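Taken straight from TrEMBL:
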TRANSMEM  B:9-27  transmembrane segment
DOMAIN    B:95-306  domain 'ABC transmembrane type-1'
TRANSMEM  B:99-119  transmembrane segment
TRANSMEM  B:140-164  transmembrane segment
TRANSMEM  B:184-206  transmembrane segment
TRANSMEM  B:241-267  transmembrane segment
TRANSMEM  B:287-313  transmembrane segment
Amino acid sequence: MSQKQTQGDIEKAVKEQQEEKQEQKSPSGFRIFWREILKDKLALVSLIFFVLITVVVFGASEILDKAEVTRVDPFNIYQPPSDEFLLGTDQGGRDIFGQLMIGTRNSLAIGFLVTLLSGIIGVVFGVVSGYFGGHIDNALMRVVDFFMVLPFIMLVIVFVAIVPKYSIWTFSLIMTAFLWMGIARLIRSKALQEKELDYAQASRTLGSSHTKIIFKQVLPNITSLIVVTMTLNLAANIGIESGLSFLGFGFPKDTPSLGTLLSYTTNPITLEERWWIWLPAAVLILLLMLSVRNVGEALKRAADARQRRA
Amino acid sequence: MWKFTVRRLLITTPQIILLSAIVFILAKMMPGDALTGLIDPTLSQERIAEMREKLGLNNPWYIQYRDWLAGVVQGDFGQSFKYQMPVTELIWQRVINTFWLSLVSTIMIYAIGLPLGIVSGRYNDRLIDQLITGYTYLGFATPVFIFGLVALWIFGFMLGWFPTGGSVEPGLEPGTFEYILSKLHHLLLPSLSIALIGTVGTVQYLRSEIIDTKQRDFIITARAKGAPERRVYNRHIFRNSILPIAAFFGYEIINLINGSIFIEQIFSYPGMGNLFIESIMLRDYSVVTALVLLSGILAILGALLSDIILSVVDPRIRIK
């Protein structure tokens with residue numbers, strides 16, 4: 001009887017202890033990110049702005065008829081902004097506002113896609129390199145070094161120019177091929193530290209496979225770094241895409257993007273007199289890049305306990 | 001140091017060979033071949049086949065690669081079919097313009113970046129530092145081509161302070177004072193655009209370096225010895241922070257190349273970047289190939305230079 005009671009007591013005590021632990025458990029990564037953003041007003045405004053723009057352009061692109069927007073209308077060439085054309089028209093009489101909506105959607109979509117693809121490649125490459133270290137690391141890092149010194153813009157342009165059956169997908173793949181190295185390097189140095197820690201060593205001693213340690217144990221521990229880097233990369237990739245489209249080597253000619261709107265400035269008269277064609281796109285690129293960066297910087301602080309403001 | 005240099009050179013050689021292989025493969029993937037630049041439409045089919053054989057275009061790829069490489073090493077990149085002249089000659093005409101653009105940009109990058117970084121680091125968290133930090137924050141998020149475009153619009157077109165294209169006023173005698181002045185005038189806005197965006201990294205680096213160094217023991221010692229504030233900054237802090245910046249120059253080369261593609265396009269400045277875009281639009285692929293290879297080699301050598309200088313300046317980074 002008394003023994004049973006004691007056992008019950010112990011169980012109760014253990015349970016209490018566990019509950020206590022649950023309460024004291026440090027907040028989840030997402031919570032920390034969120035708290036930091038709430039604390040940093042600039043990041044909060046940026047996040048709201050970015051989400052708003054994303055929702056608006058994706059929504060508007062669904063409503064707008066792409067064929068209608070890109071239809072040439074010879075009677076309305078170079079109209080300044082008016083009630084009918086909110087942001088005027090271009091040399092084909094096409095509505096700039098509609099192009100801006102669809103263009104921003106395209107630029108954002110490709111930004112997300114390239115960030116995701118290059119992120120996956122970079123993370124896998126980096127984590128493998130850092131985790132195994134030694135000769136594997138050495139060899140993989142020489143590959144990264146090599147890609148790093150290549151004249152990236154020129155090579156992307158050459159590929160874009162000679163690839164047969166050019167499409168948005170091939171464009172993303174070409175960009176990805178030259179944009180995965182930065183994140184790979186970062187993740188690699190983090191993985192290098194991480195694998196020396198007790199939990200990874202212990203797991204290895206217990207007989208876990210390398211694959212399990214890498215993907216189930218090391219990777220979750222560096223998620224915050226991955227999120228931060230990819231957010232900052234997103235900002236950069238939006239800029240790179242618009243730059244390439246500006247030069248005429250990004251989106252196919254009939255597909256509007258923020259960069260193609262800017263490329264209308266190859267006509268000096270457009271640059272000088274028809275600001276409504278290119279200036280909104282330029283401002284939007286800047287605001288988008290800035291806002292994503294603001295969020296990224298806040299996340300970066302959140303990921304490093306010493307820098308947190310919240 | 002010598003050991004490091006030799007090791008670093010050993011990495012550079014395969015890099016250059018790999019680059020040349022990539023460029024060669026790209027060149028093969030491009031429509032047309034070395035003959036396209038030479039062909040005369042009146043030639044008969046037999047004559048063309050004969051020329052193909054003579055130029056070695058029917059050889060297996062490794063022999064073609066070897067011959068191509070041998071030509072490249074001797075500075076022979078084939079013919080430009082647009083300009084009907086040897087590619088090497090054509091590039092030489094343009095390279096000088098890009099050289100001036102890069103030189104003036106680099107000077108400006110340091111002329112702007114060093115004082116701003118030093119002031120920002122020395123007076124950190126005061127108003128002036130907050131202004132400078134704000135500028136670097138904006139500058140970091142601004143793509144150089146948008147900045148160049150807006151600069152051209154405002155200062156070139158609206159205010160008319162600067163010419164809106166070209167590298168020199170037409171009709172001026174080369175070598176005269178007006179000619180040089182006009183060249184400078186044409187250079188100013190493009191290089192300022194590259195510099196104002198490109199210098200941001202320098203400012204940020206210098207600022208954090210100086211703030212970091214300020215709290216080191218040797219600076220406290222210097223102060224304790226009674227060194228005047230000016231001496232502490234000039235002799236102890238800056239000297240430590242500026243050396244790595246000088247070494248970064250080599251890494252900057254790739255940024256200059258990337259930047260000049262956009263800026264030359266925007267300002268219709270007849271340099272290598274402009275030639276590159278023009279050639280690829282006109283499918284003048286022998287020029288494209290040569291430009292990619294040359295830029296790649298420049299970038300690889302730049303990184304090599306920086307790594308070696310850095311290893312001299314900062315022994316910690318020498319790779320094993």
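Keep in mind that glycine also has a Cβ here, set from the backbone N, Cα and C atoms.
Unlike curated entries, TrEMBL annotations are predicted automatically.
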Checklist entry - Other than its close neighbours in sequence, what residues sit by the transmembrane segment (B:9-27), given a CB gap under 8 Å and a spacing of at least six beyond its ends? => result 65, 68-69, 72, 285-286, 289, 292-293, 296-297, 300-301, 304
Item to check | Residues from the same chain, set at least six apart from the ends of the transmembrane segment (B:184-206), whose C-beta lies under 8 A from its own | outcome: 100-101, 104-105, 108-114, 116-118, 120-121, 132, 135-136, 139-140, 142-144, 147-148, 151-152, 155-156, 162-163, 166-169, 241-242, 244-245, 248, 252, 255-256, 259-260, 263-264, 266-267, 269
Checklist entry - In terms of Cβ proximity under 8 Å, which residues at least six beyond the ends of the transmembrane segment (B:140-164) contact it? => result 185-186, 188-190, 192-194, 196-198, 200-201, 204, 259, 262-263, 265-268
